[in-house]
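Inspection log for the structure reproduced underneath, given as structure tokens.
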Amino acid sequence: MTERTLVLIKPDGVQRRLVGEILGRIERKGLTLAALELKTVDDELARRHYAEHEGKPFFGSLLEFITSGPVVAAIVEGPRAIAAFRQIAGGTDPVEKATPGTIRADLALVTQDNLVHGSDSPESAAREIDLWFPGR
């Protein structure tokens, strides 16, 4: 069964010119890029995307980071796309929790600036895809 997930290449990944490397890893895994856009994230979209973190101590810095530069947003499809992308992304802490060979372990150093976001469940994927790609 084909599944869809939202993948974001965050401002640090775009700024460091890692978009091609990251998209290549997604495609080499066997996943399909069904939609792809370079976006400027405004405060409203950032707040809606990270609504679950509102009230947490890091919420402000999270919003500041995601709005600090362009983001590549993608709808990624394939069998078990959510789990497959999260596997190649690696743990959120790129130094202590990400497995070598993953995007974060190989290319990132700081937890907040960890290059990519991927939906964590089918429900999150549906909500996030609707936010970033309305009507898709």
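Backbone N, Cα and C define each Cβ position, glycine as well.
For His117, the entry in Swiss-Prot reads active site, pros-phosphohistidine intermediate. The feature ATP binding site is assigned by Swiss-Prot to Lys10, Phe58, Arg86, Thr92, Arg104, Asn114, with sequence analysis given as support.
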Densest Cβ environment (other Cβ within 10 Å) across the binding-site residues Thr92, Asn114 belongs to Asn114
Quick note, Arg104 (ATP binding site) and His117 (active site, pros-phosphohistidine intermediate): C-alpha atoms separated, nearest Å, by 10
Students should find that the Cα atoms of Phe58 (ATP binding site) and the residue listed as 'active site, pros-phosphohistidine intermediate' sit apart, in Å rounded to an integer, by 16
CB contacts under 8 angstroms to Lys10 (ATP binding site), restricted to the same chain and 6+ apart in sequence, sorted by sequence, are Phe65, Ile66, Val71, Asp113, Asn114, Leu115, Val116, His117
DSSP says Arg86 (ATP binding site), in three-state terms, is helix
Counting other CB atoms within 10 Å of each candidate's CB, the least crowded of the recorded positions Arg86, Arg104, His117 is Arg86
